[in-house]
Amino acid sequence: MTQTPTLEEIRKAPKVLLHDHLDGGLRPETIIELARERGHRLPSTDPDNLAEWFRESADSGSLERYLDTFTHTVAVMQTREALTRVAAECAEDLADDGIVYAEVRYAPELHTDGGLTLDEVVEAVLEGFRIGSTGPDGRQRIRVGTLLTAMRHQARSMEIAELAVRYRDAGVVGFDIAGAEAGYPPTRHLDAFEYLKRENAHFTIHAGEGFGLPSIWQAIQWCGADRLGHGVRIIDDITVADDGTVTLGRLAAYVRDKRIPLEMCPTSNVQTGAAKSIAEHPIGLLRRLCFRVTVNTDNRLMSGTSLSLEFAKLVEAFGYGWDDLQWFTVNAMKSAFIPFDERLALINGVIKPGFAQLKWRM
Ligand SMILES: O=c1[nH]cnc2c1ncn2[C@H]1C[C@H](O)[C@@H](CO)O1
Ligand SMILES: [Zn+2]
């Protein structure tokens, strides 16, 4: 019962992932094959070297430079076949890591260079998730919901929001904005968020990663985000005195009181400079203060990670046990964009029994 969870054991736990980018999780071998077909030049054509190149280049200390690495993944995701393949492999890889429910996001507007329409992009990805979620025995191994992202420096958010609503009954469960944060406040896209609210649709906003509290404040109080992508800089509104007394500012208190989910991505945050190290990541304090923290991968390729590995790093840094990992997982499932009864069924029918089995095996 008291044993520290190992990476192998964590892999077996039924986990939930809310923040993972489709174009940040390709298999290196797939990038190489697709690039060869398309005539796209890569920094390396050796899978291990290429994986290393992505990790090192993303290790830049800046969100903007981190985002530069996506040129190579997006370049090879421009046809229906490529998008379906990448999505199918994504679902397979997540299921192999023991994830039972995932929300995977991507920006349809980045995948039209080969002549696809936005609708064709969405349909190709949905088809890939359907294929990759099904095991060889025909049984569903994982449930994958899609989030459609609009790029915050562009001006297509309304179009993408409408796309998300159009495909809401076909597997698209929500909307997001991503890209460089400084200089591109969420309020630039207020019309899209207001439209989504009128449509009773769900959305999350990348905020408090490359920029601080004003971005989080706008995302919540102006735009009405259901969740925060990262939200790590909410720590700037929390003070810890020398004697350990903690004081929350008004925004941090609001986020906690309203149980606004934080989609935290520890390794990615260290790479972009949003956190100094895993051990110093605000997730430790936020978990102690009972914010609704969830653990995520962001970009598995750029961070050389998986959800199990993110959990294992947290176990090492903060001494977390099975109860903590279950708490993060239930938080994530409660915060998902699928209907309440379906979330509850996964919590009671899959997550709790799965963790109980692992705990009692100790
Ligand atoms: O962590 C992130 N912050 C902001 N933007 C991001 C992050 N990870 C990926 N993106 C961008 C790059 C992708 O091309 C886009 C859609 O997935 O979202
Ligand atoms: Zn992200």
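Cβ coordinates are placed from backbone N, Cα and C, and glycine is handled just like the others.
Taken verbatim from TrEMBL:
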- E209: active site, proton donor (ACT_SITE)
- H19, H21, H206, D298: Zn(2+) binding site (BINDING)
- H21, D23, G179: substrate binding site (BINDING)
- 14-352: domain 'Adenosine deaminase' (DOMAIN)
- H230: site 'Important for catalytic activity' (SITE)
Determine the binding-site residues, out of H19, H21, G179, H206, lying near ligand 1 in the sense that the CB is under 6 Å from one of its atoms, and give them in sequence order.
-> H21, G179, H206
Those binding-site residues from H21, D23, G179, H206 that fall inside 10 A of H230 (site 'Important for catalytic activity') by CA distance are H206
In terms of DSSP three-state secondary structure, what is the assignment for D23 (substrate binding site)?
-> helix
Should any of the binding-site residues H19, H21, H206, D298 have a Cα within 10 Å of the Cα of G179 (substrate binding site), which are they?
-> H206
May I ask for the distance between D23 (substrate binding site) and H206 (Zn(2+) binding site), taken between their Cα atoms and rounded to an integer number of Å?
-> 16
Could you tell me which of these recorded positions, H19, H21, H206, H230, has the fewest other Cβ atoms within 10 Å of its Cβ?
-> H21
Can you list which of the recorded positions D23, G179, E209, H230 have their Cβ under 6 Å from some atom of ligand 2?
-> none
Taking only the CA atoms, the spacing between E209 (active site, proton donor) and H21 (Zn(2+) binding site), expressed in whole angstrom, is 15
Cβ neighbours of D298 (Zn(2+) binding site) where a neighbour is any other Cβ within 10 Å | 28
